[in-house]
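For 61-80, 462-485, the entry in TrEMBL reads transmembrane segment. Summarising the annotation, TrEMBL assigns disulfide bond to 225-261, 311-349, 418-455. Taken from TrEMBL, the feature compositional bias 'Low complexity' covers 269-280. Residues or ranges marked as region 'Disordered' in TrEMBL: 269-300. Residues annotated as compositional bias 'Polar residues' in TrEMBL: 288-298.
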């Protein structure tokens, strides 16, 4: 003690063989051989140890916050070029969009079906005034219905039935053929009498829609599809994402090997920047090895002029993805990026519909738009594709169409815009990927888009950094509180006597 105040003890050299502790000098609480840590605790309590712990905690949390900020930033700007970042962002999306996991067991308790997936629904229904659209997700509290079954040899097939809400259900009916299994039929029951999901509905009752053959995988592998897979049905659309599922399980858990969906293969297959069209070889069980991200198609500007001026105005990048059987019975994958300056456009308009025809090389895509007059909304009703496949294809001439769509929807006078990649399912073999799309049909002022209506995908992507940012702000607050507590305790032993 000097001048009536305590001074910080002078620490002597560390004792041999006890490097983690040391002896102190100049403190009356230190008997010979006592460690400084024990002596410090005697006089000042555990403030010193608490200060060290708090400091280490601040450093650790700081590193986590920096890493989280980096991931959120990359997700926000859409930088998915690195596959680890891509999957981290997809994990965040899965977490925020309520990924759910379900199992089906047989009478002995053995698991035969496992499904981890996110499912989004879009349903059109009638009110007394106009038609309305509602969007909702499969909730995490959805339950496996008692009608779910592992099947019995040839008598019945495995089925997964999920119940949720007030009388809604989603069924996946599986079948097996040769060395593959598939979701042979998707069945969606929705109850229009549920006023929570369908307010002011004038119809009521349970409606049923179905779709054939939506997923396929090799037996002994799990089906994996990170990207969105859209299933378009009458008055209802179902979108699967972050899907991992397997039926006909033998060991009760997911298989190590996987079958990737066509949507993911488009996102991981290398494309030559100088050649817009590329054909890969056999599509292997686990999908092609990702060597680099594909080159996104260039955004082109297309328009159609009618008697009253411009009636279709569209900005978009187009990529066509076709899987086809080859002459050697293997499967091929054909990818085509439309090059705007080599693409010709045409179309027509009337009072209730419009079409946009795009032709690039030997490929033609026709977009058919329709007007819902009562709701004063336009939407993409159908897509037709015709192209010539490589000579190795069993049937080089390819045609496909889907006229029961309800996509790219916006109010008349407004424009639909989506910065996220959207996948339009033309058929089981053909997918049309649309990039950075903005489209408007009818009531176009010159060549300028009207007010923007953002797509649901963009809204979901914006939700991720907002929620994670709020969580990070909470972490920062925790670190600040820990710092203040540690600082207060570290000075507790230096009071004037």
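Cβ coordinates come from backbone N, Cα and C, glycine included.
The CA atom of residue 311 (disulfide bond) is located 21 Å away from the CA atom of residue 455 (disulfide bond). In this structure, the C-alpha atom of residue 261 (disulfide bond) lies 23 angstrom from that of residue 418 (disulfide bond).
In this structure the C-alpha atoms belonging to residue 418 (disulfide bond) and residue 225 (disulfide bond) are separated by 21 Å. For residue 225 (disulfide bond), the Cβ neighbour count at a 10 Å cut-off comes to 23, with all displayed protein chains included.
Spacing of residue 455 (disulfide bond) relative to residue 349 (disulfide bond) is 24 Å (Cα to Cα, whole number). Rounded to a whole number, the distance between the Cα atoms of residue 225 (disulfide bond) and residue 349 (disulfide bond) is 38 Å.
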